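Database features, via TrEMBL:
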- 25-139: domain 'Transthyretin/hydroxyisourate hydrolase' (DOMAIN)
- HIS33, ARG73, TYR137: substrate binding site (BINDING)
Amino acid sequence: MSSNRLQQIQGHILPGNKQSLLMAGSSSPLSTHVLNTAMGVPGSNLALSLYRQDPNTSTWHLITTGTTNADGRCPGLITKDLFTPGVYRMHFETAQYWASMGETSFYPYVQIVFAVNDPGQKYHIPLLLSRFSYSTYRGS
């Protein structure tokens, strides 16, 4: 393996990397990973918000906001105690993300709404993103 490649990946494998420790230590039962499929890179510095819907009024309540890290992830979205059955929404600010790279986007934002039936399980919500399309699925 070339020394250049080793320099690129060392931050992901050395225990001194604070970001890796944060992700490893994150006990959030909900995670996300944004991939910029147009460029083949993680979707870093993308602002997002997490909401839960009130089952009685159908109004959305903000739980947290965050920004994806260099790997396109946003660790620590919600604690196990706050993660209860219900309907959740992840809101991704895609127009801002593309504008930061001097690009425009057909979708000014992406919202993914999903149901949590068993909060004891791990829920992973990936977002595959380009300027003119997006896709998601329930990951593991």
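Every residue gets a Cβ built from N, Cα and C, even glycine.
Other Cβ atoms within 10 Å of the Cβ of HIS33 (substrate binding site) number 17 in total over all chains. Cβ neighbours within 10 Å of TYR137 (substrate binding site), excluding its own Cβ and spanning all shown chains: 10. Taking the domain 'Transthyretin/hydroxyisourate hydrolase' (25-139) as a whole, pLDDT averages 96 in the prediction. Counting residues of the domain 'Transthyretin/hydroxyisourate hydrolase' (25-139) by DSSP class, helix then strand then coil, yields 7 helix, 50 strand, 58 coil. Of all Cα pairs drawn from HIS33, ARG73, TYR137, which the record names as binding substrate, the longest spans 15 Å.
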